[in-house]
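Working notes, structure below.
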Amino acid sequence: MSVRELVVLGTASQVPTRHRNHNGYLLRWDGEGILFDPGEGTQRQMLRAGVAAHDIHRICVTHFHGDHSLGLAGVIQRINLDQVPHPVTAHYPASGQHFFERLRYATAYRETVELNQAPVAGAGGVLAATPAYTLDSAKLSHPVESYGYRLTEPDTRRMLPALLREHGIAGPDVGRLQRDGVLGGVTLEQVSEERRGQRFAFVMDTRLCDGVYALAEGSDMLVIESTFLDEDEKLAVDHGHLTAGQAARVARESGVRHLVLTHFSQRYGDPEIFETQARAAGFDGELTVAQDLIRVPVPTRHHP
């Protein structure tokens, strides 16, 4: 059975707290796992969340500030220690290549796994295209070079049993119609409907910019930083971050179905205020104020 869910490993921003670890998010997408922004302590959080090194197929780092990347050293060494049986691909800003190398080879260990380096440069663009999804990136606005990521499942078609019966199509003929697009004068479009592929977006440290909206547009799930509350918007702009209200307005204007707020400044004690401000900004879809070690299902597909 396919599983599509977000496993939240950490939700703090620059400074971890007693209740919030540095960043870390594993997206389970059917049989594949994509680890985003492994901050300090990610390896232990994986253990607590029931995530194994074998679950990781791809690593995506938005930028090289410590709360988003210090966990790379431990995670990479654990992947090799456990002799993960498949290659792992790492995406990260090309401008931070020297940081990646330092973290990859922070200490001595035996390399047993193929780790493919696929850095992101320029405006971003398509990073990977598989039968299951396309992975894109877009440049964000932060004091150091930062990229967000977007995963898009290909659109497919859903066969409609009533229309198949109406045209007398059954058994092996259904497969032939799906393969060839036409059968006995009946086209695939006549007996099916488009099923839109699911879309997932991951947006960390950034001010509002075109890249934020490009990544968020039409997402079934948007995981987005909301470091500050609205009353501290000036701080957010100065330091290259978003407020809860700004993140929620992006989600509202982009047609996001499920908004996941995370990356909270340690200055705030009550996470419910982030939800209050997000609702006040007009977002009325599913909303999760992330906590460490929770699992958030990707919304089920909906038909047009």
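The backbone N, Cα and C atoms fix where each Cβ goes, and this holds for glycine too.
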Site co-member for Zn(2+) 1 according to Swiss-Prot, given His63, His65, Asp205, out of His142, His258: His142
C-beta crowding around Asp67 (active site, proton acceptor), within 10 angstroms: 23
Other same-chain residues whose Cβ falls within 8 Å of the Cβ centroid of His63, His65, His142, Asp205, the recorded Zn(2+) 1 site, in sequence order: Thr62, Phe64, His68, Leu140, Pro143, Val144, Ser146, Met204, Thr206, Gly240
Neighbouring C-beta atoms (10 Å sphere around the C-beta of His263 (Zn(2+) 2 binding site)): 29
His65 (Zn(2+) 1 binding site) CB neighbourhood, other CB atoms within 10 A: 23
